[in-house]
Amino acid sequence: MTEHKSGFVSIIGRPNVGKSTFVNRVIGHKIAIMSDKAQTTRNKIQGVMTRDDAQIIFIDTPGIHKPKHKLGDYMMRVAKNTLSEIDAIMFMVNVNEDIGRGDEYIMEMLKNVKTPIFLVLNKIDLVHPDTLMPKIEQYQSYMDFTDIIPISALEGLNVDHFIDVLKSFLPEGPKYYPDNQISDHPEQFVVSEIIREKILHLTSEEIPHAIGVNVDRMIKEDEDRVRIETTIYVERDSQKGIVIGKGGKKLKEVGKRARRDIEMLLGSKVYLELWVKVQRDWRNKVNFIRQIGYVEDQD
């Protein structure tokens with residue numbers, strides 16, 4: 001009988017290298033927020049990939065960056081603390097970019113870690129194959145990796161091969177989650193992340209990191225309909241105007257796009273109510289950060 005493998009794998013890397021895209025690809029559902037704006041992942045989002053012979057729990061850590069406020073401090077602590085909890089580390093980089101100071105900082109952080117470390121070169125669909133080997137040699141000059149795998153999370157290229165390699169390094173173990181469970185976050189959290197993703201896609205550079213989303217109420221009204229009441233928090237009146245848009249058009253579009261994804265997630269019709277409120281300087285208010293769902297694990 002084939003042994004069953006299971007383990008926890010941390011995905012670490014600079015902002016916007018494709019970590020969330022990878023999680024959504026291997027899980028087959030939208031769990032992690034995807035956006036072209038940096039630093040969009042705020043909580044450790046655990047996606048559970050279950051196969052007949054293995055179960056892998058992926059922890060999508062916030063992108064490494066220099067913190068600018070209390071929320072940023074929190075995001076960095078989550079990323080670093082994750083390294084002590086896992087069976088393997090995926091260090092993901094954008095192969096279409098030069099090695100940056102952020103990459104060097106992460107490799108310095110990883111040098112003393114005993115856990116198996118895989119260098120995952122993402123976005124190979126954007127580069128010529130001839131450029132891969134020089135890039136691999138560059139990274140190898142910084143540190144030794146357990147293995148180096150080029151992939152495209154967006155296109156799915158080489159992803160299955162990487163999963164097979166990863167499985168071979170994981171210990172024998174049980175299924176930690178039921179077959180049909182794809183995340184350890186409550187549905188309310190995933191819903192709030194979907195809404196935040198749509199806002200990021202539809203608003204300008206000024207807005208992204210000033211956005212907080214809280215699901216105030218989520219109730220099943222009947223067998224085929226869920227009512228969701230949500231508050232979107234911004235830091236300034238001008239940002240509130242941008243999110244709402246002229247005549248409420250922007251907010252309406254956010255609701256329309258979010259509802260579509262939420263209905264797929266829940267398998268029910270959704271009535272989605274969105275409110276926008278100003279909470280000045282909320283990213284520096286620790287209690288408020290906790291209130292809207294960014295909570296550190298307690299030992």
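Residue numbering: from 1, along the chain as shown.
The backbone N, Cα and C atoms fix where each Cβ goes, glycine too.
Swiss-Prot lists region 'G4' for one of the ranges 66-69, 122-125, 186-189, 222-225, namely 122-125. Per-residue pLDDT, averaged across the domain 'Era-type G' (5-172), gives 82.
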